[in-house]
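Chemist: Below is one structure. I have some questions about it.
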Amino acid sequence: MNYLKKNITLILIISQIFGLYGGMLQAPRLLAILFLPLLIQDLNKKLIKGKEYLLFFFSFIMYCVLSMLFLTFNNDQSLKEFAYALINFIIFVEIVNFSKYISLNKLINGWVIFVLLSIPIAIIEINFNLHFSNSKFGDDTVLGGVGTLRKYAAITFGNYNLYNHLLAISFPFILAKLKFISNKLFQTFYILFIFAIVWVVLTNASRGTMLCLLISTVIYIIFYSSKSISKTIMYTFISIIASVAGYIYVMNNAAFSYLKTRIEQKGLEDNSRKEMINVGIDMFIDSKFLGVGAGNFSDTANKMTNNPILVPHNLFIELLSQYGIVVFFTFLLLLFKIFNPKRIFKKREIPNYILLGSLLVMPLAFTINSVYLNNPYMWIWLASLYCISSFYKTTTKNVN
């Protein structure tokens, strides 16, 4: 039982690999429910002092209850929002509570293992055009009026945008792991692994994810541009984007052409998504800053626009438009607790790089997909960052 307790945080992070399979009982949710008795038995009383996240989840869950009673257009959806909020709260607390048994290195390993398990599947999807049963996209698309085979990797997430999003928020953890690898051979294999991640993102033709990876890499180079990092590693990262882009252009021209076409046609913006952001802001204002209610975004948007995309595609708009200014403010307090600038810019330490990289990636990464609040992945990510911000220092004891 003690062995299980010591690995619950890792298990929850790695369980993301099962993606959307299980529906409401996706792997992280199911495991969180199963681990609940252990959490009650092992709950760290110091966690009760975590005012920021308790304040946020209390206001978040209470607003879901009020929505069901007074604001809902769809009772089933509001009930789901309430259930998801409770489970996500449990996931968050379990990761934070059981992180006391693991080092920073092991926490990072959880994210590395998750991505490492996904990349071989993604490579098979791309090269052999084989996709899981929950895939939401076809394989064909049109480039310049000519039909072509659309290569992509969504693994178990159905939507390749969700997989892209997870790669984007995982990348600071992936890069941070390099600081723990001293063996030259392991470094070589690990850099090949990073190349594979970039290749998958380029093949998926995700502009936002590409920028997230680039931001994480540039911040990593700047953060460790002192003598503390090998020049070989630094120059390797500088060459990653150019090398992989060249490889994609030569070996996988269809995917590169699709990316090029998307950028030429849309640049780095998407008019449909931009419109939904404006709709979300209008909802917030029309509701007198109180929000339209948990789970009511699509029903409200349907009355305000003819846009077929009835989701905000933006975490902050999703929260602000549905939950209003009070819940949004408590969320900002939680983010400030995690990304405290006094902590991030104090020293060039591994935890601080992860926090800074994640902070700069966050505004872009949370526009790649949609419906962030219900999914457990965002809360696993935030809980991991909360652990790093609150508990980990760069010392021999808890880093290795």
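From the backbone N, Cα and C atoms, a Cβ is placed for every residue, glycine too.
Got these off TrEMBL a minute ago, pasting:
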TRANSMEM  20-40  transmembrane segment
TRANSMEM  52-70  transmembrane segment
TRANSMEM  82-99  transmembrane segment
TRANSMEM  111-132  transmembrane segment
TRANSMEM  152-173  transmembrane segment
TRANSMEM  185-202  transmembrane segment
DOMAIN    193-332  domain 'O-antigen ligase-related'
TRANSMEM  208-225  transmembrane segment
TRANSMEM  232-250  transmembrane segment
TRANSMEM  320-340  transmembrane segment
TRANSMEM  352-372  transmembrane segment
TRANSMEM  378-395  transmembrane segment
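Quick one: where do these features end up spatially?
Modeler: Tertiary neighbourhood of the transmembrane segment (20-40): same-chain residues 1, 4-5, 8, 11-12, 80, 83, 87, 90-91, 93-94, 97-98, 134, 156-158, 162, 376-377, 380, selected by CB-CB distance under 8 Å and a gap of 6+ residues from either end.
Counting residues 6+ beyond its ends, the transmembrane segment (111-132) has Cβ neighbours under 8 Å at 10, 13-14, 16-17, 19, 139, 149, 151-156, 158, 163, 166-167, 170, 173-174, 177, 193, 196-197, 200, 203, 252, 255, 384 in the same chain.
Proximity of distant same-chain residues to the transmembrane segment (320-340), defined by a Cβ-Cβ separation under 8 Å and at least 6 residues beyond the stretch ends, is recorded for 52-53, 55-56, 59-60, 63, 280-281, 283-284, 287, 289-297, 300, 312, 355, 358-359, 382, 385-386, 389-390.
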Chemist: What residues elsewhere in the chain lie close to the transmembrane segment (52-70), defined as a C-beta under 8 angstroms and at least 6 residues from its ends?
Modeler: 78-79, 81-82, 85-86, 89, 92, 96, 291, 293-296, 323-324, 326-327, 330-331, 333-334, 336-337, 386
Chemist: Any idea what the model's mean pLDDT is for the domain 'O-antigen ligase-related' (193-332)?
Modeler: 76
